[in-house]
Amino acid sequence: MKHAIKNIHFIGLGGSGMSGIAEVLHNLGYVISGSDLSDSATLQRLARLGIKTFVGHAASNLAKVDAVVTSTAVQADNPEVLAAREKRIPVVPRALMLAELMRLKQGIAIAGTHGKTTTTSLVASVLAEAGLDPTFVIGGRLNSAGANARLGLGDYIVVEADESDASFLNLLPVMAVVTNIDADHMETYGHDFANLKKAFVDFLHRMPFYGTAILCTDDPAVREIVPQVSCPITSYGFGEDAQVRAVNVRPVGAQMHFTAQRRNGVTLPDLEVVLNLAGEHNVLNALSAIAVAVELNVPDTAVQKALAEFKGVGRRFQSYGDVPAKGGGHFTVIEDYGHHPVEVAATLAAARGAFPGRRLVLAFQPHRYTRTRDCFEDFVKVIGQADAVLLAEVYAAGETPIVAADGRSLARALRVAGKLEPVFVSEIDAMPQAILDNALGGDVVMCMGAGSIGLVPGKLLELEGAQ
């Protein structure tokens, strides 16, 4: 980065990807400031670190700035963007700033439609346990670090590679993981799945000739792109042909136990793994971290310890403990960021394994009208796998409502399918009381979605405490 650039301002600082980059740059010695539309715990934490934060966007926030970083949510007519353009201050997309950070280290980029945050966290934890002291920028809060970013002194930087706006094509990693490829954010790719797959191939081709692609070949779309990938590949999955493979997989409470077989060129001894996460989808995420560890010669003991002691990621199968039920007994509250049908299905399956025999109550807030429209039938099928459903209105994320792609339409479709009788909750603020009114002793309540439903578990505990 040019030494003339010292003061960097972030528009949309409260976002998980933005705040992580800002924190790393702050720790590198840059003078960081940033703004967001509303105050948040993230802004408050960054302020405590010494970063100047603003609530609201205004041209006056750019008093002394050499460069401006924007998130994809920031519009071109944002007053701070307009002020920067007028002053000829460079306006840099978030992904380009992340790419600049990666130039300082050897980059390990985690891509895929689902599982990026957990996988990035697992890889960072394994490298940290091995003493490699990685830098990481994650889309969620790594519980063991208490943050979503950290500047390490080691050679590696582990980052999420975001395909939602194709910005991962700005990154230049030396190692890349692809967890899966699924139809999401299709407006970016002209609603053509072939374009999405090509973008992943192009992403992998941004690695140098000595780079390694670590691919989950259980995923059909990932298997389809393998012949087009020219760099060395390590495959992982449950399939017999996977070079890093999980066998003897079994849930034990909220953990997964399995044996990892590793046979990429040289066959290594089987590795007995205790993973402190629930669900077979997280076994796949752990396999990718094991594959990275093999490439970097991480000792087996470090891999085993990191996975067994993994403390999880905020909003990923996060437990809020037990809450008294109206009719007696207690119900367990779990919160998860999953908002695509594939993610919801995997998380419900994980809950079945972690809490066998217990009734699953899904409190779900759909995220984006376009996703609800494009995945409508899949949502009906997956949501119907719960034993009871509390359905919120769609979290718009800035989108305009779409007819027949809202929460009421989903509730109606579930009734027509005859799977269950959902409770529609029109205002998310009413969800905590709706949960208290409907949950029974022994239930597991899953609060799921990428929007404001993330606030529901905390408000539920407050409401229960006040009664």
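Using the three backbone atoms N, Cα and C, a Cβ is placed for every residue, glycine included.
Some features that Swiss-Prot has for this protein:
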| type | residues | note |
| --- | --- | --- |
| BINDING | GLY112, THR113, HIS114, GLY115, LYS116, THR117, THR118 | ATP binding site |
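Neighbours of the ATP site: apart from GLY112, THR113, HIS114, GLY115, LYS116, THR117, THR118, residues of the same chain with C-beta atoms within 8 angstroms of the site's C-beta centroid are ILE110, THR119, THR179, ASN180, ASN285. Less than 8 angstroms from the CB of HIS114 (ATP binding site) sit THR179, ASN180, ASP182, HIS281, HIS340, VAL342, GLU343, ALA346, each of them six or more residues away in the same chain. Its own atom aside, the Cβ of LYS116 (ATP binding site) has 26 Cβ atoms within 10 angstroms in the protein chains shown. Highest local Cβ density among the binding-site residues THR113, THR117, THR118 belongs to THR118, counted as other Cβ atoms within 10 Å over all protein chains shown. A C-beta separation below 8 Å, combined with a sequence spacing of at least six in one chain, links GLY115 (ATP binding site) to THR179, ASN180, HIS281, LEU284, ASN285. Remark: GLY112 (ATP binding site) has THR119, GLU163, VAL177, VAL178, THR179, ASN180, ILE181, CYS216 as non-local neighbours, by Cβ distance under 8 Å and separation of at least 6 in sequence. Under the three-state DSSP scheme, HIS114 (ATP binding site) falls in the coil class.
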